[in-house]
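Asker: So Swiss-Prot says this about it:
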REGION    1-310  region 'Formyltransferase ArnAFT'
SITE      ASN102  site 'Transition state stabilizer'
ACT_SITE  HIS104  active site, proton donor
BINDING   ARG114, VAL136, SER137, ARG138, ALA139, ASP140  (6R)-10-formyltetrahydrofolate binding site
SITE      ASP140  site 'Raises pKa of active site His'
REGION    320-672  region 'Dehydrogenase ArnADH'
BINDING   ASP353, ASP374, ILE375  NAD(+) binding site
BINDING   ALA399, TYR404, 438-439, ARG466, ASN498, 532-541, TYR619  UDP-alpha-D-glucuronate binding site
ACT_SITE  GLU440  active site, proton acceptor
ACT_SITE  ARG625  active site, proton donor
Amino acid sequence: MKAIVFAYHDIGCVGLEALKLAGYEIQAVFTHSDAPGENHFYASVAKAAAEMDVPVFAPEDVNHPLWVNRIRELAPDVIFSFYYRTLLSDDILQLPSFGAFNLHGSLLPRYRGRAPVNWVLVNGETQTGVTLHKMVSRADAGDIVAQSVVEIDDEDTALTLHGKCRTTAAALLAQQLPLIRSREIMLTPQDESQASYFGRRTAADGLIDWQKSAREINNLIRAVTEPYPGAFTFLGERKVVIWRARVLKNDSVKANGVKQEPGSIISTSPLVVSCGEDALEIVSGQSESGLYMSGSRLAAEMGMVPQAKLGNLASRVQRRRTRVLILGVNGFIGNHLTERLLRDDRYEIYGLDISSDAIARFLGDPRFHFVEGDISIHNEWIEYHIKKCDVILPLVAIATPIEYTRNPLRVFELDFEENLKIVRDCVRYNKRIVFPSTSEVYGMCDDKEFDEDTSRLIVGPINKQRWIYSVSKQLLDRVIWAYGAKNGLRFTLFRPFNWMGPRLDTLDAARIGSSRAITQLILNLVEGSPIKLVDGGAQKRCFTDIHDGIEALFRIIENRNGQCDGQIINIGNPHNEASIRELGDMLLTSFNAHPLRDRFPPFAGFIEVESSSYYGKGYQDVAHRTPSIRNAKRLLEWEPTVKMEQTVAETLDYFLRTVDPQHADNVTDTQG
C-alpha cells in the first residue's frame, strides 16, 4: 500500500518506523523546518526519512495547489499524519483512495487541538492516551480507528508523559497498521457531546497564579518543566523559574499557626510558599540568569526571606487596562460589544460615531470615552487614538443590500477607502486590528459550508453592482493579510453571519429600505403593510443571536495565547438556517403572541416581488450562506447556543416597545 506521510516530533519518527515494519511503501515524507528558538529535544523526522532513502519535503504551505498537484501525481492509497502541525486541506484529504489517518495524543474526543500532553497535566488528569482516527476537514474530529489509554502518575512531567505516549503509540500502530493495509478496520464515530478543544500554549502561560491551590500550581509546573520553558513567578522585578515542587498540606505549613497570604514565603530552608489552598515546597529552580539549583540554595542566592511575596512582576502589579478603540461604537455590533467589554474590568473603551442614542446608557461610565464624529472627517483624532490604544475595531461600514445598488461609490469610499487609512495607521503604529470582514465575501460560493481557509470567493459580473460591498471587504481582507505577512501586522478577520437582536437598526431605516431583512419585516407588521418576499423568500441564511456573536468577538479581542493572530474566523450559527419566508412565518407567530399585538393593525399577508424591482437592476441574490465554524470552535472554544426562535422574539419585542405609543395608535386608526 502506497503511503504519504506528514510527520514531526518523536511521534513522527515512531510513525515512520511503524510504517516501514508494517510493509508500507512510503512515497514521500512532509515535515517542518525546525523553528528558531524552539528547544528541539525530540528526534528529527527529516533525518529518519533520509536514512530510509525516502524523499522528504518541508514546504511553507503544504496546502498550496502546487503541492496538492504533486501529491495527486503520486496517487497514494493512504495518507498518515503523525504530529504534523499544519491542518491539511480537503483537497489533500480527498486524494488517497483509502483515506487519511491521524495519530493524536489524547483520548478523543477529549483534548482536541494543540499540546494535549501539556494540557492534561495542567488540568490534573489521571489518564490520557493516543488515538488513531480518520481525518476530516475539522481537526481531530474524524471516526476513531483505535485508541489506547496511558495512565498519568503524580510524578509525571510533560517529558515523561510524552515518553509513555510514544511507547503506547508504537504499540497501537504495530497493531492497527496491518489492519489498515488489509482494509479490515472498524470505525467508531466520536461523541461530539464529550468533545473539548485546547489551543496552543506559549511560554507566557507558565506564569504562576499563587491564588490557585498548591496542587493546581504543581500541575502547571509538571506540565511545563524541562525541556519546556518552565513555570515562573517574580520576586520584585526578578524572574524565578520553578522546575520541580511538591505539595504540602496546610497543617504543616502555617507560620505561627496562621495561614499566610498566597505567594508568601513561609520558610527558606526548605523553600516553602503559601498558595490559595495548601502550600508548595520548591524542590528546584533557578533565577533568570542563574544556574539550576535546589530550592533552599535558590532562596539564599536571591535573598529570599520569610513573609516576602512572590507574584507578578512588581512593575506590572497595577497592570494598565487594555484600551480598545471602536469606530462605529453606536452601531449594532459596537454598542453590544461595549456592553460586554465594560462587564470586564480589564478593558477601557474609546469610541467614535456620528450619534450616541444606542450607547447613551454607557456615557457616565468612567471606562467609556466617547466622541461624536465622522471617520471621514476626524482623521487626526483617529490617528491619535490608534497610537494610544491597543486593539482597533473599525466597525463603520454601509452594510445594507439596497445601498450597494443605490450608492455603490459611497459604499466603496466608506467601506474601502476610509477603512484602508485605518489599516495603514495600525501598520504604522504597530497596533492589533480586529477587522469586521463579512459573510458577503463568499458571494455565490458553491460549498455546502463556507470555510475561511478553503472556500472560493465567487462574485457576479461587473454590471451587478451589489457586489461592490463584497469585493471592497474582500480586498481589505487581502490587504490586511498582506500587511500581516510582509509587515508583521497583528490582525484577526471575523466574518459575522446574519447577526440579529435588539438595537439591530431602526424602523426609520426600514422605511427608506436601508435596514436588515428582519427589521423590514417588523416594519411591515407594525404598519399593517404586506410583507414583501423578494424572489419568493426562498433564500436561506443562518441567523446568529447577537449575544452569541458578541461573546465570540470578545474572545477574539481577549486573544488568549495569541491564538487569534493571523486568523480568519466565521462567527455564525449553522443550526439556525432558515429561508426568508420561514423567518417571516416565525416572526408572525411571535408577533401574534406578543402582549402588545392588539395595538397594531391586522396582518396584511405576504406578497412576492422581483429582486430587480425591490433592490434595483444591479442586484443579484445568493441561495444559501452557511458558515463552517471549525475555526471558532478550535481557536475560541466557542459554539452558538441561542435558538433562532428566541432571537426573533427578543428582536421583535425590542422594536415593538420602541414604537411611539401615539404613533402606533395612529397607524391603527389609519389602517382602520
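The backbone N, Cα and C atoms fix where each Cβ goes, and this holds for glycine too.
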Asker: State which of the following recorded positions has the fewest other Cβ atoms within 10 Å around its Cβ: ASP140, ASP353, ASP374, GLU440, ASP535.
Answerer: ASP374
Asker: Other residues near the NAD(+) site, CB within 8 A of the CB centroid of ASP353, ASP374, ILE375?
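Answerer: Apart from the listed residues, the neighbours are LEU327, GLY328, LEU352, ILE354, GLY373, SER376, ILE377, HIS378, VAL396.
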Asker: I need the nearest neighbour of ALA139 ((6R)-10-formyltetrahydrofolate binding site) among the recorded positions ASN102, SER439, GLU440, ARG541, using C-alpha distances.
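Answerer: Going through ASN102, SER439, GLU440, ARG541 one by one, the closest to ALA139 ((6R)-10-formyltetrahydrofolate binding site) is ASN102.
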Asker: Are there recorded positions among HIS104, VAL136, ASP140, ASP353, ARG625 that sit within 10 Å of SER439 (UDP-alpha-D-glucuronate binding site), Cα to Cα? If so, list them; otherwise say none.
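Answerer: Passing the 10 Å Cα cut: ARG625.
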Asker: What recorded positions in the list ASN102, HIS104, ILE375, ALA399, ARG625 lie within 10 angstroms of ASP140 ((6R)-10-formyltetrahydrofolate binding site), counting C-alpha atoms?
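Answerer: So the list is ASN102, HIS104.
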Asker: Could you tell me the C-alpha distance between ASP535 (UDP-alpha-D-glucuronate binding site) and SER137 ((6R)-10-formyltetrahydrofolate binding site) in angstrom, no decimals?
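Answerer: Distance between the two Cα atoms comes out at 34 Å.
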Asker: Would you say which of the binding-site residues ALA139, ALA399 has the most Cβ atoms within 10 Å of its own Cβ?
Answerer: ALA399
Asker: Please list, in sequence order, the residues in the chain of ALA538 (UDP-alpha-D-glucuronate binding site) that are at least six apart in sequence and whose C-beta is under 8 Å away from its C-beta.
Answerer: SER579, ILE580, ARG581, ALA623
Asker: For ASP353 (NAD(+) binding site) and ALA399 (UDP-alpha-D-glucuronate binding site), what Cα-Cα distance in Å is obtained after rounding to a whole number?
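Answerer: Cα-Cα distance, ASP353 (NAD(+) binding site) to ALA399 (UDP-alpha-D-glucuronate binding site): 16 Å.
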Asker: About how far apart, in whole Å, are the alpha carbons (Cα) of ASP374 (NAD(+) binding site) and VAL136 ((6R)-10-formyltetrahydrofolate binding site)?
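Answerer: That separation, Cα to Cα, works out to 46 Å.
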